[in-house]
């Protein structure tokens, strides 16, 4: 499950030059039970068993697997955190679990902030597909589970921002065009005024932006139907995609040498580095992805870059090490160094067939 070759992030998706992935999360709570933050141990166990039973009654083709969080070791929990399935540093240790489909496209948490938080993931710009997949599961669960709702308010949640439709839509974008032309702050402000949340990916304890990555999400589930919320964020992201492509074209026309230099340096370091930490890997991979989008690199797909975002995370590599997938001949003694060495190997394996296609012309950039 953790190292599946058919994981959702290994596939291609629409508009994946800009939108790396889409997620729709649907929140539901069972009627007559407290929300998880104040739920007693006995009731938590009852809710867990009830929810798991309902998922297990779904058609076998769904392939869901329930996992109690208190049975997981630290590495397995960290993998779920890295894949944005459970929140970091979850303290509750009774009556909690995850229910995961084999390919990871669908996953649900049980008794983590809400009784059910079902998430549907797809690579690329696929919010409608995420929504329909998640809604079909929730509608089927509603045939056997009674969800907590109030007329005129909608579905209830422990988080006031989720009350209403109970859905939250998110897209992860790489925006080098906006970032390198200093247009990003204005775009963030515009999206915020439209009631969206924008979170940049920064290196821990620094202001260093990683991979030009931004997570854009709906802010509130109240006041709109499911369909209207999907339509609003779809329209906003479509506009963002068009603007991003125009800004990249502008960069090629006005700063070609600088962009080519960034791509060449990133490609060379990634191909030859002996050790790579997470921060450097994300930065290098998404500069390489910009090179792919602009036609400077061939033999490498955008989805390979998205896959590396997950496959080079620390817990994922630790899992591969523990399961004997990698054996290093070098006498590394520190786990941290071994992980950085394997991370470099993973990146270089993906880059084996990639080639630079940049012509050295005195006319370029002038």
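Placed from the backbone N, Cα and C atoms, the Cβ positions cover glycine too.
Any TrEMBL annotation is an automated prediction that lacks curation.
Copied over from TrEMBL, here are the features:
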type: DOMAIN; residues: 18-247; note: domain 'Phosphagen kinase C-terminal'
type: BINDING; residues: 21-25, 117, 168-172, 199-204; note: ATP binding site
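Shown here: features listed in TrEMBL, placed on the structure.
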{"residue": "21", "record": "ATP binding site", "CB count, 10 Å": "24"}
{"residue": "24", "record": "ATP binding site", "CB count, 10 Å": "28"}
{"residue": "168", "record": "ATP binding site", "CB count, 10 Å": "23"}
{"residue": "171", "record": "ATP binding site", "CB count, 10 Å": "27"}
{"residue": "200", "record": "ATP binding site", "CB count, 10 Å": "15"}
Ask   = Can you tell me the three-state DSSP label for residue 168 (ATP binding site)?
value = strand
